[in-house]
Amino acid sequence: MADQLTEEQVTEFKEAFSLFDKDGDGCITTRELGTVMRSLGQNPTEAELRDMMSEIDRDGNGTVDFPEFLGMMARKMKDTDNEEEIREAFRVFDKDGNGFVSAAELRHVMTRLGEKLSDEEVDEMIRAADTDGDGQVNYEEFVRVLVSK
């Protein structure tokens, strides 16, 4: 996984890691992990940090060495890429940029993709995704549909 990072990314991660490795022993504490990740443009929640630590701190000593950190950051970067792809897909459907996909917008995009859908089929797609019942699909609903596939 870490081999998918560029040399520049590895260098950037090493610099950030070193900033928080106060005593130079090659390890940072779990508390410092969130600070390091935020300095690299990630925004992990407390729950995500706990999950990451339990995943990478195999010996349970409360510290993370650089190879463990690098593997975790590679996974996190991959997740971020996937999220950006989903946001981009949503923007394709959300023609007017109002944060919602209407039946008309869905029909327009599907037609451009070569899918000739009946009004009933488009309405059914909207109904299936529209969990709050407002007649259109917001970003959270859009993600839920994509992730459930």
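Positions of Cβ are set from backbone N, Cα and C atoms, glycine also.
Glu105 is the residue from Glu88, Glu105 that Swiss-Prot records in the Ca(2+) 3 site together with Asp94, Asp96, Asn98. For Asp94 (Ca(2+) 3 binding site), the same-chain residues lying six or more positions away in sequence with a CB closer than 8 A to its CB are Phe100, Val101, Glu105. In sequence order, Phe100, Ile126, Ala129, Thr131, Gly133, Gly135, Val137, Asn138 are the residues of the same chain, not among Asp130, Asp132, Asp134, Gln136, Glu141, whose CB sits within 8 A of the CB centroid for the Ca(2+) 4 site.
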